[in-house]
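Listed in Swiss-Prot:
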BINDING   Ala10, Tyr11, Ser12, Gly13, Gly14, Leu15, Asp16, Thr17, Ser18, Gly117  ATP binding site
BINDING   Tyr87, Asn123, Arg127, Ser175, Glu260, Tyr272  L-citrulline binding site
BINDING   Thr119, Asn123, Asp124  L-aspartate binding site
Amino acid sequence: MSEQKKVVLAYSGGLDTSVAIKWLQEQGYNVIACCLDVGEGKDLAFVQQKALEVGATNSYVIDAKEEFAQDYALISLQAHTMYEGKYPLVSALSRPLIAKKLVEIAEKEDAQAIAHGCTGKGNDQVRFEVSIKSLNPDLEVIAPVREWQWSREEEIEYAASRGIPIPINLDSPYSIDQNLWGRANECGILEDPWAAPPEGAYDLTAPLEKTPDTPEVIEIAFEQGVPVSIDGVSYSLSELILKLNEMAGAHGVGRIDHVENRLVGIKSREVYECPGAMTLIKAHKELEDLTLVKEVAHFKPIIEQKMSEIIYNGLWFSPLKDALHAFLKETQKHVTGIVRVKLFKGHAIVEGRKSEYSLYDEKLATYTKDDAFDHHAAIGFIELWGLPTKVNSIVKKKEQIKA
């Protein structure tokens, strides 16, 4: 008798992946569950036990918050990744890390396959499967939800017939994904792009009507592009991001309502909450404005846009992403300093920045008697700078005379 095949399942503890355990067993697999906490606050012990009770032969739970912060969210921060100028890549950032852990466990357990709970309509199926195949091309990838194509009612009926616990929040109209970089929400009334998102769709941010009437001013310190403290108190990166989620979220910072172009070819209306991410990106950009030379500052946004597209499109483990990341790391060597930010009524407003590597020279910028700028040097500069345009104009006038 041949040995039963093994599959590692990306397990969330919800209905879809709980049903997937039983379904995969019925397809002849031993199911090994794997759940990561990337900052959404999962009860890992509960999820681990639930997977075993549903039928998994083994259940891994991994606290990956700091790894996610250091190796994934930090790249998003330093690259100011804003897909289509609005979305700081919440879900897109966690998928490659989850895929990496799934592959590691599959190799450890000698599993032949990896399974995920994505539908055939979203971006995540692409991100998971491209990442998995990039890391180990020999692993089979199974997508139970995409394969069975059941209605919600059929799925519940299947679960009930096999004794699978049905979550108490099943009646929620929303589909939510969350990590320390933010919260993504879709479905329900949000599918109508004209409908205003109800307050029930939000969790990390306060409505403007209920935010404090007094601004909160904070100071964020960076070392080589990495945020290290708030108001002089040091934190690990994951702790700092979560702390800023609380602080900025209380002031309503970071709400994003976005009709985006999905990788699979459709438009989708998403509501995001990214209070910590949006505050950090704004502060980091202001510190770069102080410390990067003009040529790098003007070229970097081109890299940022491409990096945003690559990550959104599931190409985290691509050679191009690695090459762009190498450029990015080079730009961060002198992005060290402190940024003062005012949090107030949905805004994170930068009010000051300072750095030992500042390229701002007040004596060159001032219009007072302390002005050290050589105004006479401007005469020759203007002549040479405008020379090509001047020559072009002279030639055109000669052509007009001939005509």
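Glycine is no exception: its Cβ is also placed from the backbone N, Cα and C atoms.
As the structure is a computational prediction, the values presented were derived from the model and not from experiment.
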### Task
Kindly assign Ser12 (ATP binding site) to one of the three DSSP-derived states: helix, strand or coil.
coil
### Query
Any idea what DSSP makes of Tyr87 (L-citrulline binding site), helix, strand or coil?
strand
#### Entry: Nearest of the binding-site residues (Asn123, Asp124, Arg127, Ser175, Tyr272) to Ser18 (ATP binding site) - Cα to Cα
Ser175
### Rounded inter-Cα distance in Å - Ala10 (ATP binding site), Arg127 (L-citrulline binding site)
13
### Query
Ser18, Asn123, Ser175: which of these binding-site residues has the sparsest Cβ neighbourhood within 10 Å?
Ser175
### Message
Measuring Cα to Cα, how many Å separate Asp16 (ATP binding site) from Glu260 (L-citrulline binding site)?
### Response
25
### Message
According to DSSP, does Thr119 (L-aspartate binding site) sit in a helix, a strand, or coil?
### Response
coil
### Task
Report the nearest neighbour of Glu260 (L-citrulline binding site) in space among the binding-site residues Ser12, Gly14, Thr119, comparing Cα positions.
Thr119
#### Entry: Collapsed DSSP category at Glu260 (L-citrulline binding site)
strand
